[in-house]
Amino acid sequence: RYDLSSWSAGLVYSAEERMLFLDLCVPVGLTGTKLGCAEGGCGACTVMLSKYQPTSSPLGEWVSGPLCSLHHCAVTTVEGIGSVAGKLHPVQERMPKSHGSQCGFCTPGIVMSSMETCGRCTGYRPILEGYRDVHQSKTDTSHTLSVMQNLSAACSSLHPADFLPLDPTQEIIFPPELMVDTLTHQHTRGVNTNTYLTPSLSVYLFHYLSFKNLLYPVILAPGYIPELNTIQHTDEGIVFGASCSLTLLGDVLKAAVGKLPPYQTEVFNAVLEQLRWFAGLQIRNIMTASPISDLNPVFMASGCKLTLMSKGGERVVVMDEKFFPGYRKTILTPEEVLLCVLIPYTKKYFAAYKQSPRREDDISIVTSGMSVTFAEGSTIVKHLALSYGGMAATTVMAKNTASRLLGKQWGEELLQDACSSLAEEMTLHPSAPGGMVTYRRTLTLSLFYKFYLTVQQKLVSEGAYIEGVRADYISATEIYHQTSPSSVQIFQAVPDGQKEEDVVGRPMMHLSALKQATGEAVYCDDIPLYENELYLCLITSTKAHATIQSIDTAEAESMPGVVTCVFAKDVPGSNMTGPIVYDETVLADVTCVGHIIGAVVADTQAHAQRAAKAVRITYQELQPVIITIQDAITHQSFFQPVRTIQRGDLDQGFTQADHILEGEMHMGGQEHFYLETNVTVAVPKGEDGEMELFVSTQSATKTQSLVAKALGVPASRVVIRVKRMGGGFGGKESRSTTLSTMVAVAAQKLKRPVRCMLDRDEDMLVTGGRHPFYGRYKVGFMKSGKVVALEVTYYSNAGNSMDLSLSIMERALFHMENSYSIATIRGRGYVCKTHLPSNTAFRGFGGPQGMLIAESWMSDVALSLGLPAEQVRRLNMYIQGERTPYSQILDHITLDRCWDQCLEISSFTQRRAGIETYNRDHRWTKRGLSVVPTKFGISFTAAFLNQAGALAHIYTDGSVLLTHGGTEMGQGLNTKMVQVASRTLGIPSSKIHITETSTNTVPNTSPTAASASSDLNGAAVHNACEILLHRLEPYKTKNPKGCWEDWVTAAYFDRVNLSANGFYKTPDLGYDFETNTGRPFNYFSYGVACSEVEIDCLTGSHKNIHTSIVIDVGNSLNPALDIGQVEGGFMQGVGLYTLEELKYSPEGYLFTRGPGMYKIPAFGDIPTDLTVSLLRDAPNDKAIFSSKAIGEPPLFLAASVFFAIKDAIIAARKESGLSGPFRLDSPATPERIRNACEDRFTKLCPPAEPGTFTPWAVVV
């Protein structure tokens, strides 16, 4: 807890204009608060900010922003509320005990948010469960907290008695010394002539300073000016001072709605509805002239009055179509300031709407405010105001439409005229920034239609003589409300008689969870600064395909703090790199936007970043520029080889089929969005070329070998150390090596420690993600739905290098049939070489792409025959003893058991009947249901990687230090390894410790990937422990009544080696593509998911109503961790298939470089009703203690949500007379859902002809 007003003036005045509060915390060891995105979008940097406000509560949330904004503030970080060493705060305790912390990087931010946020690992359910009790007595201040509170009666594996009671001494007390005169004029001056006048919560400003590289000479923050903080209730409405926060605005309006008659408060309700979804409490108190503002359309449509003040006096303007003359411009003169805003009482019908990709905390696609007044005693339109955001460079009024409808009766004829007029007036150029042109235009009509029905319904209720709203249309008028979520987790208890100290099979808490919740867990960038340490910042290409003509570093090298620039000539060893094929350069070539050309090394991060932006590069652009898969097909730009798997005579198979259909599908890529970006600290050791690197990587050995290659030294001179990662998901398997190599080269050149942690936008730009896929298929099937022949061709967008793309394509081919037995089949895979950053491994490694396209043709078969999709899927599913297309026999198959149990626990038959009834009764909302299986092969498909090592030391006090070849990234690998060692050695888990993964303890490790790490490393740990047990056996025999410590001591004095290396390799693996023979997988994991969704046919939004998952994990090593992996993987799949969308320009520039534009699932995206069941009595004799892998298999089960959406779209299309197969690409975003639900509104907004324009973004 810090009183910033007590700092010396010298310290504050020397603070740089971009300096964050976090920059102050790190040097003094307060590393719990993390910088996850630098936009305030993920919540990882949330702290508690307290400032004295006599009219309101002093406590609130804050996202770390410029340091100079904290005058007269007290700040509490996660360390300030509790610690493992001291005493945990109940809020900190609940998340770990509910198994809600996995990688833990965002955990402190979520803890601090709960004291009044988005994680990637857990799937959110355990976080919500953990906080159900702590929030029961608190006020519902945000939608996220509402979700947390509403869970209180839903699911409970824990009882309040399991938690520490709240200690009053841990409550945050506002420091009395900060209750001072806040009107004192304060200013600070930054090093680049920035003058700050009084504090400002300027996260939005910091975004502009950092990402857009803008510099403002004077920054005003009028937060303490009384005239700008007044609230007045007048005869016209409520007047808010310009400095009133949106939180305060909401509180005042909510109180007014409770006191005033409804006819006066429709505008107030519209503002409150927008605020429900308007960013998070940490960052939303900033108002702008954005063209996609949530509130500006409301203010315009309601005719809000603004009072402006200057030296010349005051003037009052109405916020109308003239207020925004241009993009982010207003009619205010440079001398004027906004004094206050009058929000009027309603004397008319009013509504506001917002449509965004994600419901929670998201930027709008289209917003609107609409009002109508009727002539006295009639339904004749007297006044109409329609305001839209997202349809131009400014918020606009549909003046022509409004004028055209004046004097008309509110009815069907008016509706038709309105839609025709809006389609003509609300036009967008096909190349308009933001894209989604057809969807945005359709939304203007759809939202008006919602308004039309809402007004019609109110008129009828008031007794107007007008036709009522059809019963099946009413859902279009309903306001969305989050339903209280509930969840059930089912797993098999340990056998009767299992010893209490045997923790295998028990839901043991993640070993680092408590430290993660208190901010005490150490991540790579938390390592204290070394003496003379420097910071590196990358210099990246702005062109996709070019040669470099010149690089001018003069300006950069003259900047404060700059030490040197690093380019290809500084690489002492080889400049060629790559995880398998050395087809990349550490530095130099330009084959994508974001290609690393060089780096600047300076004394601080801010100096290095500023200098990197000053480097001037001259390019000669080259042709062709290949960005998309279609570009690659056109130019035949493919990596070799082209892989094929075939079984049977395809021509004969198609001849036997009753029906043949063809189709195609595109599946988009996915950003890993691990909360901890790539980071490396390189420390030269001063002799023999030795180098020690602390790296956030899944591949310690590969990092070691590539760094050594670049430095020109043997691998034995380089040590890689990995404590833990803040998430990985495959993104740190191979792409992390590029940064590590660069940092090592700089450290070697300067003989000084060098550090670099990428900013979120840098990480998203340079590292690549999941491969986009395009699939073409031809399928032959019988009248019954039995598939007899399949030909499928995959194309993946690999980017500018091979990386792991060939193996990913192979994995897609291995899963091209998913869980279905097909007699004759051929799959072919082309790896496209494009001018994008190289795509790479991502959870599922090609399997989710291959299986989604399989489910697409399976869906088409069912649609073409008019049969239930679940019937066709079940008919085609594998049974025991059948062979896969790659000739592997399926034994111990549990797919049928998973299927049957999933149908049972989901009440599938009753649910299907209920959906049919619902869809008959609702025209504009539809529900869909789908059940989807998965069969996921477990092993690295490169046989040599299926090996692992371990090292176990027993010390003379009986404690055990364990090391293995895997890395901890939140999945709980270290926890499981301790459980394995505990059972094998027969000692309590508290005696066993794992400190880190390092290449000098266990060499030649395989990447922590392919879901195989528990299998491989667990077996190696088991082997090491058995060796030690064998050595201790004589002493146990001699002293059977002794204890562990007695036996260890006796062995030591008898000079027995108490250290052992363990090793394991998976037997009988290997596959030959040429002969289609071999055994690529050790075994298979099976699972089935059933999901129900509801879509809004007018906007394309959907909500996840129900999901039941049954998955075979063998005998679970740790049910809590395994269920966490199931839920986290499933929610990551929900993002992949329904939400997350990478957008590139035709020139290869990535638009989606942060949480502002790239949306991962939020708390509200979890299914309202979620059941996860681990299949009982399914031991697996091919893995440690009969367990099964769990990391990747659950992700594809989210395809059940995708196909439930498709099922709902089918019902919507049926209303328009459409039937049969149709194409729905992934992800199923609101845009794609709405465009697929064709109706009379979509017909008024046809898309432009392809080829007649250059799109803003392309499908890569």
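Backbone N, Cα and C define each Cβ position, glycine as well.
Noted in TrEMBL for the protein shown:
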- C37, C42, C45: [2Fe-2S] cluster 1 binding site (BINDING)
- C103, C106, C121: [2Fe-2S] cluster 2 binding site (BINDING)
- 156-348: domain 'FAD-binding PCMH-type' (DOMAIN)
- F278, D294, L338, K354: FAD binding site (BINDING)
- Q698, F729, R843, A1010: Mo-molybdopterin binding site (BINDING)
- E733, R811, F845, T941: substrate binding site (BINDING)
- E1192: active site, proton acceptor (ACT_SITE)
Inquiry  = So among C37, C45, C103, C106, K354, all listed as binding-site residues, which is physically nearest to Q698 (Mo-molybdopterin binding site)? Use the C-alpha atoms.
reply    = C103
Remark   = The average per-residue pLDDT within the domain 'FAD-binding PCMH-type' (156-348) comes out at 77
Note = Checking the binding-site residues C45, L338, A1010 against T941 (substrate binding site) with a 10 Å Cα-Cα cut-off, in sequence order, leaves A1010
Task = State the count of C-beta atoms found within 10 angstroms of the C-beta of Q698 (Mo-molybdopterin binding site), not counting that atom itself.
result = 29
Note = Check: min Cα-Cα distance from C106 ([2Fe-2S] cluster 2 binding site) over recorded positions L338, F729, E733, R811, E1192 goes to F729
Remark   = One should report the C-alpha separation between L338 (FAD binding site) and E733 (substrate binding site), rounded to whole angstrom, as 52
Inquiry  = Given the recorded positions C37, C45, R843, A1010, E1192, find the one whose Cα is closest in space to the Cα of D294 (FAD binding site).
reply    = C37
Query = Among the recorded positions listed here (F278, R811, A1010, E1192), which has the Cα closest to the Cα of C42 ([2Fe-2S] cluster 1 binding site)?
reply = F278
Ask   = Near A1010 (Mo-molybdopterin binding site), which of the binding-site residues C37, C45, K354, F845 can be found within 10 Å, Cα to Cα?
value = F845
Note = A correct count of other C-beta atoms within 10 Å of the C-beta of C42 ([2Fe-2S] cluster 1 binding site) gives 29
Query = Once Q698, F729, R843, A1010 are set aside, which residues in the chain still have Cβ within 8 Å of the Cβ centroid of the Mo-molybdopterin site?
reply = G728, G730, G731, E733, A841, F842, F845, T1008, A1009, S1011, G1191, E1192
Other residues, Cβ within 8 Å of E733, R811, F845, T941 Cβ centroid (substrate site) = L804, S807, I808, E810, A841, G846, F940, A1009, A1010
Key: Neighbour tally for F845 (substrate binding site), based on other Cβ positions within 10 Å of its Cβ   = 28
Ask   = Closest of the binding-site residues to F278 (FAD binding site), Cα to Cα, picking from C45, C103, F845?
value = C45
Remark   = Whole-Å Cα distance, C37 ([2Fe-2S] cluster 1 binding site) to E1192 (active site, proton acceptor), is 25
